[in-house]
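Novice: I am attaching a structure below and will ask some questions about it afterwards.
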Ligand SMILES: O=C(CO)[C@H](O)[C@H](O)COP(=O)(O)O
Ligand SMILES: [Co+2]
């Protein structure tokens, strides 16, 4: 199970998005945080910017939709060029139908859980997904402190993935850095979003490489990864 590092452009300079995307070439995906000022108390960007970014970089786009009425909007992000679209469980009225629609349009379907949302009620839905995102901060802002108390939920989600024999990616987002990535990898995460830890570094591409090396050093021997 390969480690993936997804820099979040939330911590980039929004006036230079194309250059900022190029600065992390070598990353697996570019994580694009879409916020609507309703689901979260912050406002970022929408479909037109995603369309432009998709043209500006060869790195595939991992769109994290922190928006209400995900059922209506998520398919538009696939059409805009996203390779992976993550909707929040708390914002989707019909998550199974939505995941199928995202896949049918040609993108990977992913579902995010806020810190207070347990994973167990969604166990039967996991086969409909390509990725689960466990938020390790309260969504809305970059640069927040990693919530250690999310580690058991990451572990539990990995157990459910293994139990069902699924090829599901497990993403963590929020406060992921050199000092927290190893704990996430040990708990079962294999896709790591990092905003401030990458764009706050002097050399963002080098920060991506260093985070990858750290995560790989853990997954090489982690019990959950060796079970595959
Ligand atoms: O979804 C997010 C916030 O809601 C961001 O992706 C996340 O916070 C990344 O920033 P950092 O790595 O600085 O925490
Ligand atoms: Co995000």
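Along the chain as shown, the residues are counted starting at 1.
Cβ atoms are placed via backbone N, Cα and C, with glycine included.
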Novice: Quick one: which of 64, 164 does TrEMBL put in the divalent metal cation site with 31, 33, 173?
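Specialist: Of 64, 164, 64 joins 31, 33, 173 in the divalent metal cation site that TrEMBL records.
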Novice: Go through the recorded positions 33, 64, 140, 173, 175, 196 and pull out the ones with a Cβ less than 6 angstroms from some atom of ligand 2.
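Specialist: 33, 64, 173, by Cβ distance under 6 Å.
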Novice: Whole-number answer please: how many Å between the C-alpha atoms of residue 140 (substrate binding site) and residue 33 (active site, proton acceptor)?
Specialist: 9
Novice: Fill in the CA-CA distance, residue 8 (substrate binding site) to residue 173 (active site, proton donor), as an integer in Å.
Specialist: 9
